[in-house]
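Chemist: Below, the features straight out of TrEMBL:
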- F24, G26, G28, E68, I251, A293, T296, E301: Ca(2+) 1 binding site (BINDING)
- K253, G255: Ca(2+) 2 binding site (BINDING)
- D295: Ca(2+) 3 binding site (BINDING)
Amino acid sequence: MATLKVPAHVPAPSEDAEQLRKAFEGWGTNEQLIIDILAHRNAAQRNLIRKTYREAYGEDLLKSLDEELSSDFERAVVLFTLDPAERDAFLAHEATKRFTSSHWVLMEIACTRSSHELFNVRKAYHDLYKKSLEEDVAHHTKGDYRKLLVPLVSAFRYQGEEVNMTLARSEAKILREKISDKQYSDEEVIRIVTTRSKAQLNATLNHYNTAFGNAINKADPEDEFLKLLRAAIKCLTVPEKYFEKVLRQAINKLGTDEWALTRVVATRAEVDMVRIKEEYQRRNSVTLEKAIAGDTSGDYEKMLLALIGAGDV
């Protein structure tokens with residue numbers, strides 16, 4: 001379900017590395033050449049380009065990009081160029097920092113990646129920061145948020161499609177009771193949301209909606225913890241709806257939220273951007289391409305449009 005446009009004939013990594021080096025040399029940086037290469041290579045190809053670039057020029061490509069580019073364009077290029085696990089580790093680490101802290105980014109990474117992807121994020125986090133993701137999340141969160149986020153980032157869920165309907169009915173009943181009593185952080189609610197497979201959670205929520213109405217989404221709209229819990233459930237079951245909302249809010253707010261816009265485009269371009277674009281158009285009656293083009297400009301706009309597969313950009 002990715003929209004990333006990779007050319008039928010991809011040049012050798014050494015050729016791409018050489019072209020990127022040329023893009024950095026001379027009086028001005030050739031931004032279009034950087035977009036033409038990096039926005040049209042998949043993760044494995046980008047990793048090879050980085051490896052080849054380091055071998056040829058003795059410098060990390062990311063360092064060169066950091067020195068040559070600036071602002072939102074730089075962040076978009078660098079984030080996308082990173083290996084996916086490394087990128088998520090970087091975003092998670094940023095989300096535990098004082099001035100860029102975000103429960104939402106931590107939840108998003110934990111709930112929209114596969115079990116193996118999340119495992120690789122934890123490994124990358126070890127390698128990059130010499131400590132565990134779990135310990136940093138535990139250290140930088142507290143109360144109900146810690147109760148939810150630590151098991152979420154620690155999870156290794158079953159990935160299969162098998163579902164136990166008896167369990168789905170009983171756990172839907174538990175969720176109904178706890179949410180009716182406003183016990184949103186009850187250990188049973190946390191246990192169900194942080195350990196069950198995505199297929200099992202879907203079955204539980206389908207039964208919940210059929211038997212009790214869509215009350216999880218309607219309960220207590222002002223409760224901040226419940227907002228995060230609801231978003232986690234959405235990420236686990238219908239991620240394209242979650243990401244559509246993040247993009248809509250990033251684009252529609254007074255002054256674009258470029259960090260959210262860049263994060264979603266960079267992390268979903270190779271995953272489920274087709275579904276996100278469909279959901280965006282269904283929900284907003286305008287294409288995501290048109291919304292981004294109307295809200296961004298210059299090389300940053302070109303990079304984002306290339307990543308979401310918007311024609312020949």
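Each residue, glycine too, has its Cβ placed from N, Cα and C.
Automatic prediction, not curation, is the source of TrEMBL annotations.
Quick one: where do these features end up spatially?
Modeler: A 10 Å cutoff on Cβ-Cβ distances gives E68 (Ca(2+) 1 binding site) a total of 18 other Cβ atoms nearby, all chains included.
When Cβ atoms from all protein chains are considered, those within 10 Å of K253 (Ca(2+) 2 binding site) total 10, not counting its own.
Taking the Cβ of D295 (Ca(2+) 3 binding site) as centre and 10 Å as the limit, one finds 16 other Cβ atoms among all the protein chains shown.
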Chemist: Counting other Cβ atoms within 10 Å of each residue's Cβ, which of the binding-site residues G28, T296, E301 comes out lowest?
Modeler: G28
Chemist: When the Cα-Cα distance from E301 (Ca(2+) 1 binding site) is computed for each of the binding-site residues K253, G255, D295, which gives the smallest value?
Modeler: D295
